[in-house]
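Positions annotated as domain 'Laminin N-terminal' by TrEMBL: 15-246. The domain 'Laminin EGF-like' feature in TrEMBL is assigned to 247-310, 311-373, 374-433, 434-485, 693-740. The disulfide bond feature in TrEMBL is assigned to Cys276-Cys285, Cys341-Cys350, Cys404-Cys413, Cys457-Cys466, Cys469-Cys483, Cys693-Cys705, Cys695-Cys712, Cys714-Cys723. Look at TrEMBL and you will find 525-760 tagged as domain 'Laminin IV type B'.
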Amino acid sequence: SAQEVPDMMPPPGCSGGNCHPPTGNLVIGRGQSLRTSSTCGLHGPELYCVVSKLQDSQNCCFCDSRDGKSHGIENVVSRSDPDGRKTWWQAESGVENVTIQLDLEGAFYFTHLIMTFKTFRPAALLLERSVDHGHSWHVFRYFAHNCSGLFPGIPPAPGRRVSDLVCDQRYSDIEPATEGEVIFQVLDPSFLAENTNNAEIQELLRVTNLRVNFSKLHTLGDRPLGGLRGHPFYYYALYELVIAGSCLCHGHASECRPAPGSPPSVEGMVHGHCVCRHHTTGTHCERCQGLYQDHPWQAAEPGYPHTCQECKCHGHARSCHFDMALYLASGNVSGGVCDACQHNTAGRHCELCQPFFHRDPLEDPRSLHSCKPCDCNPMGALEGGLCDAYTDTTRGLLSGQCRCKVHVWGQRCDSCRPGHYGLSLTQSEGCQPCRCNARGRVPSTQACDPSSGACHCKRFVSGRDCSRCLPEFWGLSSDSLGCRPCDCDFGGAYSNRCSAGQGLCLCRPHLHGRHCQELQSGYFCATLDQATAEAEHGRSLQPADPQLPVSVQQGQGEIKAHTLGLRAGRAHFARVVDGAGLSLLAPTVPRALDYDIVLRYETQVSGMVASQVGGWCQVVGWGSFLTVVLLPRVGELPGLRSVDPGALRRLQELHEAGCLEAARVSPPQSMPEACARLACSISALLHGGGLACECHLQGSLSTECAPLGGQCPCRPNITGRTCDRCLPGTFGLGPTGCHGEPSGPVGVGSGTSMSFLYVA
Ligand SMILES: *[C@@H]1O[C@H](CO)[C@@H](O)[C@H](O)[C@H]1NC(C)=O
Ligand SMILES: *[C@@H]1O[C@H](CO)[C@@H](O)[C@H](O)[C@H]1NC(C)=O
Ligand SMILES: *[C@@H]1O[C@H](CO)[C@@H](O)[C@H](O)[C@H]1NC(C)=O
Ligand SMILES: *[C@@H]1O[C@H](CO)[C@@H](O)[C@H](O)[C@H]1NC(C)=O
């Protein structure tokens, strides 16, 4: 029986990494998959006889499958029907060449076969198998009671190798008359001493179809001359056919389930679809799972599960494929190539990024966001926004670095290189060089504004390209400030602007020099107190003169008026007696301006009071009146007004040097040197330029006058700024001066007298 067959298959389950599904009878549940070439009683009643053991009694009856007692091939699946009655398959009587075929729905392992006969076993039969669904057949084994006679040329069993084709004589005796067995075992233990490799065994066990060819009936005694056809004693009949085997899983599964298209499942059925382990897949675990293709697929072997190895795809691929060339090149370490890397990754292991993406070094390589899109500024980037996919300092790669146009830099190519500006799409070089004047621009910084291109100029430089001096500056040079101040004289020049090249200020008439501080020859500048009226040139008003104020006429107050008359002396003194008036022609003023009226009153007795009476200026004092000076209120002049640049400094200079005070006191002090310069500027402002000397041709020694004040050098006994008058007491102005003896100095008024001055 089947149980007596030594089972060469390992027990089901997994051991040592090698898995085995349970072995069972492949025909269970597959009665519909059995075919035979001959079945008795298919077309009508057919006589057959059963020969008893004693051979003297015979029991004949009819085989008629239409009467419900079918003897079809499906009966070999089990020995009896559900009611316990024996069932069998029976071929037509006397038909010698009969086949039984099992067509499996797929490949299975086939380990052994046991046929239990109802009648005599065949005198000869052969077992064939197909591994390609019946397209081609190969004999597995021959069975005959006389191998050399029936299958000449086939060596007798056992062969040398398990795969040898041999003829077995053990199962073809005519005895027993019933219940005789024919047994076939693929891995016959008698062969297994031979070292057969795993792959060869796998191949031997594999079947898709099995066929048994019964080719010779045993007969009792001689064969009738007319052949056996229709002879009721001789036919093939099988109680049971056991085809033991298992699901074919290459050692990668320990259980199987029904394959699609297989017959309906029944208890004890061997299913054909493996439940694969070791990351294999397929009906027979004949290949590796999609993501486990790093090593070539192999059937499991005892001690070696040959588990499929996962491709390293960093979680970005659902499948990979095996590349033998890569595998061999790696020294059989890895041959997997990831398929269709997702999440913008690329490369054999999805370890790279697709073009236009780059690896984020901060992200895990398995992260969905490990490849970030290149972020390039289209205006500055080349190659359509391609960037370095990863960082490799030896190759000069920086992850995310875009390919910049020649004058552009930055990871995104979004900035102009130093010294360039105006990032633009249309510029083939991205940015254009700054066009800055080398002397005018600030040397240490970015040469120009990267967007506008405006250059960064030195302090006193202007212009988009720093090629111009600021107004009131000149002489663009490499100096730290770029240009020098014009420094035009605030009076000598019309303004503080000067020519860019030479710094020439625009001078008022008769002044020259770069700053307009030099006088043309024959010209001078006025002193601050130039506008004077000397008493000696005034007209005396006798007391009670109607021109005098009424209060003076009426002798109000302590005024006791009488005049001593007016005398002029050498020292320009004028003597005025009490009560008398003095009318002076106001000195010509060059410009409408507020003036301080300064009365220089030289006195031997201190104390002088000046007050205003009805539009008149009243001076009360002891001594003699000398000079009326109109002193300009310079603080109102351009260049000295507090709003003008430099005004404060100039006013300060005027005060510190005491220039204004010097002009007030009597006798006038010689101007301090510092004042001369300022006085000259003020003069140029007041008079609109230099003043002509106009030295008297005869009275003066020269046509040149003093640059400040304009005093011409006078010949003897000649006086006046232009040397046009003889001193008092002298006469006859001529090329040798004036003649005669000048009168001595005139003394001041007597101590008893008081002088009053009224100036309209
Ligand atoms: C049976 O088959 C064998 C071999 O193919 C052949 O020689 C023989 O004639 C056949 N017998 C009949 C009765 O067809
Ligand atoms: C087997 O057959 C051969 C050839 O027909 C014959 O010579 C031999 O005697 C037979 N052997 C037996 C044991 O019948
Ligand atoms: C077995 O039987 C089949 C069907 O009759 C036949 O085609 C085949 O040739 C036979 N095989 C051999 C080895 O005789
Ligand atoms: C590598 O694998 C190939 C193919 O499976 C095999 O032929 C070769 O012998 C192996 N080489 C080594 C060094 O294992």
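From the backbone N, Cα and C atoms, a Cβ is placed for every residue, glycine too.
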Taking the Cβ of Cys285 (disulfide bond) as the centre, how many other Cβ atoms fall within a 10 Å radius? 29
Test of understanding: give the count of other CB atoms lying within 10 angstroms of the CB of Cys413 (disulfide bond). 24
Just to verify a number: CA distance, Cys469 (disulfide bond) to Cys714 (disulfide bond), in angstrom, no decimals. 49
Distance between Cys341 (disulfide bond) and Cys413 (disulfide bond) at the Cα atoms, whole Å? 29
Looking at the disulfide-bonded residues listed here (Cys404, Cys466, Cys712), whose Cα lies nearest to that of Cys723 (disulfide bond)? Cys712
Relative to the Cβ of Cys276 (disulfide bond), which residues of the same chain, six or more apart in sequence, are found under 8 Å away? Cys249, His252, Ala253, Gly282, Cys285
Return the residues near Cys483 (disulfide bond), defined as same-chain residues 6+ apart in sequence whose C-beta is under 8 angstroms from its C-beta, sorted by sequence, else 'none'. Lys458, Phe460, Val461, Cys469, Leu470, Phe473, Trp474, Gly475, Leu476, Ser477
Here the Cα-Cα span from Cys705 (disulfide bond) to Cys712 (disulfide bond), rounded to a whole number of angstrom, reaches 4
DSSP, reduced to three states, assigns Cys404 (disulfide bond) to strand
Restricting attention to the domain 'Laminin EGF-like' (693-740), give the mean pLDDT. 90
As a whole number of Å, the Cα atom of Cys457 (disulfide bond) is distant from the Cα atom of Cys714 (disulfide bond) by 57
Residue among disulfide-bonded residues Cys350, Cys404, Cys466, Cys712 with Cα closest to the Cα of Cys693 (disulfide bond): Cys712
Which chain-mates of Cys350 (disulfide bond) that are at least 6 residues away have a CB under 8 A from its CB, listed by sequence? Cys313, His314, Gly315, His316, Ala317, Cys338, Cys341, Gln342
